[in-house]
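Undergrad: Marked as transmembrane segment by TrEMBL: 46-70, 118-137, 157-180, 187-209, 408-430. Here TrEMBL flags 76-95 as region 'Disordered'. Per TrEMBL, compositional bias 'Polar residues' is recorded for 78-91. Among the features that TrEMBL reports, domain 'Kazal-like' is placed at 227-281.
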Amino acid sequence: MQAVAIFAILKLAGPTLGYALGSLCLRYYEDPRMAPVLERTDPRWVGAWWLGYVVLGACLAVTALPILFFPRHLSPQPAAQRSGTDSSTKVPTKKGDEAETKVGFWCSVRSLFRNPAYVFRLVYWLLASNANLGHAMMSSKYVEVQFRTSASQASFLIGPVLMITNVLGLGVGGLALHAFRPRPRLVTLYTTLCDVLRLACLVACAFIGCEAVRLAGTVTTVAGHGSSIQLACSDSCNCTTRHFQPLCDPVNRTVFFSPCHAGCTKFSATDSGEVSFDECSCLPNLPSQLQRGQQKEQLVQADQGAPYLGLCSGDTCSNVLAFIALSSLVGFIARTTTVGHTIVGLRCVSREEKAMALGVQEGLSSIFTYIPYPILYGAIFDSSCLVWEDKCGRPGVCWIYDADRLRYTYHGLSVAILLSAILFEVGLVYHSGRLADFYSDTTTKASQKDKLITAEAAAGDSEAVCLVDGSATERPAGCEKTEDGGGQEDEDLLNGEDHHATCGCCARDSKDQTSIC
């Protein structure tokens with residue numbers, strides 16, 4: 001149990017460090033040889049995205065060096081560990097045995113899918129993973145678009161801040177299971193209630209956002225081509241969406257895609273960065289002295305109502321703090337269920353089927369999780385794009401998103417998928433009451449059986465040896481040793497709760513000292 005919690009916490013360390021590194025790298029301009037003339041909050045800012053690959057590549061090269069010191073051949077297993085095999089394991093030695101192994105593989109798969117608890121958990125896992133991974137993958141971009149933060153700020157808010165709450169949730173969930181040891185049905189019921197609470201929080205997040213960009217003009221987008229913006233006052237300028245240079249009209253609280261779309265026919269620039277736009281047909285007849293990097297408040301104080309370069313910021317949108325706080329709560333609640341749900345997945349199948357169950361889960365996840373979720377959530381963002389770059393008649397990057405539509409569709413998709421997952425989780429709650437040995441060590445019985453096989457092999461067929469409470473003792477009278485070492489009868493008797501003495505086909509009950517054959 002502790003190992004599951006520790007592994008899950010360490011698994012979260014990767015994304016946390018990745019977001020932190022990305023936040024640091026995106027603070028620097030893409031080309032370090034150039035002095036940037038854009039602010040980090042400018043939509044055209046492109047950070048040093050490539051710098052993270054250099055840092056991580058160097059770290060991977062350093063950590064890979066110790067692998068060179070691995071021996072050419074690994075040392076063999078100790079004799080005590082290789083003295084026997086599971087009763088259900090057969091080593092193929094001939095073509096006939098290989099055929100039997102293939103048949104056994106499909107029989108194992110069929111047995112798994114006849115296990116209702118495993119099937120309900122598997123479908124829940126596939127659906128919930130789509131919602132969790134897709135929502136997390138696009139969360140940084142969502143914060144950047146919805147709350148108009150820089151890419152660096154969004155990576156910092158999503159990475160270290162949210163991941164810390166997730167780690168705390170894992171720790172609390174693992175400690176609670178270790179301390180209170182609730183029944184399996186209570187564990188699955190708690191997971192279901194947490195998912196319902198997550199559902200409510202996602203619905204609430206859909207109503208937390210900032211004021212959308214009010215773009216001047218009518219946007220026309222043709223499939224397979226870029227966007228065009230029509231304005232009666234600047235139709236004769238033949239403006240395109242190739243370059244995004246937003247110009248805000250603070251009087252009407254609207255944004256022009258570029259000075260060209262505002263009908264500005266003249267401009268001049270100085271060495272200090274001051275830019276002057278004159279004769280703008282779509283703007284009031286006011287002087288428009290603009291300086292790169294200036295804030296809107298400074299410009300308004302200097303010239304009330306003067307247009308300025310950049311998006312209309314208005315008052316600072318503080319809703320991002322409420323969104324991060326609610327998202328942190330969702331992450332904490334969700335992670336408290338990780339350890340318990342993982343143990344449920346291991347206990348709903350027999351010991352011999354665990355490897356097969358994990359293999360089937362990962363195989364189906366590769367098809368029904370890792371392929372669909374980038375497509376689904378990528379399509380959500382593409383469908384919410386308001387203005388596409390016109391790149392030689394083809395769409396390029398998205399310059400402006402419809403923030404309201406993105407907010408509803410982004411969270412709505414996660415809500416729909418998670419709601420479907422909860423329906424299957426209810427079935428898991430019903431069947432989880434049949435799970436046995438939820439907190440027991442699964443290797444105890446296997447080690448006892450290995451001791452029995454080792455003791456009998458060492459004693460030989462001529463000696464009467466039996467395993468009583470893990471120790472080799474004299475075989476009880478009337479107990480005969482079978483040729484195959486007990487076979488399935490041994491395994492069935494060994495799995496009994498009150499049987500502590502096994503030898504061949506017999507078991508001696510520790511209470512009434514009667515032989516059972």
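Start at 1 and count along the chain as shown; that gives each residue its number.
Heads up, the Cβ atoms here are built off N, Cα and C, so glycines get one too.
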Undergrad: DSSP-wise, what's the residue breakdown of the domain 'Kazal-like' (227-281) into helix, strand and coil?
TA: 6 helix, 23 strand, 26 coil
Undergrad: What residues in the same chain, six or more past the boundaries of the transmembrane segment (187-209), come closer than 8 Å to it by Cβ-Cβ distance?
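TA: Same-chain contacts beyond the ends: 128, 146-147, 177, 319, 322-323, 326-327, 329-330, 333-334, 336-337, 340-341, 343-344, 403-404, 407-408, 410-412, 414-415, 418-419, 421-422, 425-426, 428-429, 432, 438.
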Undergrad: Taking residues 6+ outside the transmembrane segment (118-137), which of them lie with a CB under 8 Å of any CB in it?
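TA: Residues 15, 112, 195, 334, 341, 344-345, 348-349, 357, 360-361, 364-365, 368-370, 372-374, 376-377, 410, 413-414, 417-418, 420-422, 424-425, 427-428, 431.
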Undergrad: Please work out the mean pLDDT for the residues of the domain 'Kazal-like' (227-281).
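TA: Across the domain 'Kazal-like' (227-281), the average pLDDT comes out at 81.
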Undergrad: Against which stretches of its own chain does the transmembrane segment (408-430) lie, if we need a Cβ under 8 Å and a gap of at least six residues from its ends?
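TA: Same-chain contacts beyond the flanks: 116-117, 120-121, 123-124, 127-128, 130-131, 134-135, 138, 142, 185, 188-189, 191-192, 195-196, 198-199, 202-203, 205-206, 344, 376-377, 380-381, 383-384.
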Undergrad: If we skip the immediate neighbours and take only residues 6+ beyond the ends of the transmembrane segment (46-70), which ones have a Cβ under 8 Å from one of its Cβ atoms?
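TA: Beyond its ends, the transmembrane segment (46-70) has Cβ neighbours at 18, 21-22, 25-30, 32, 40, 151-152.
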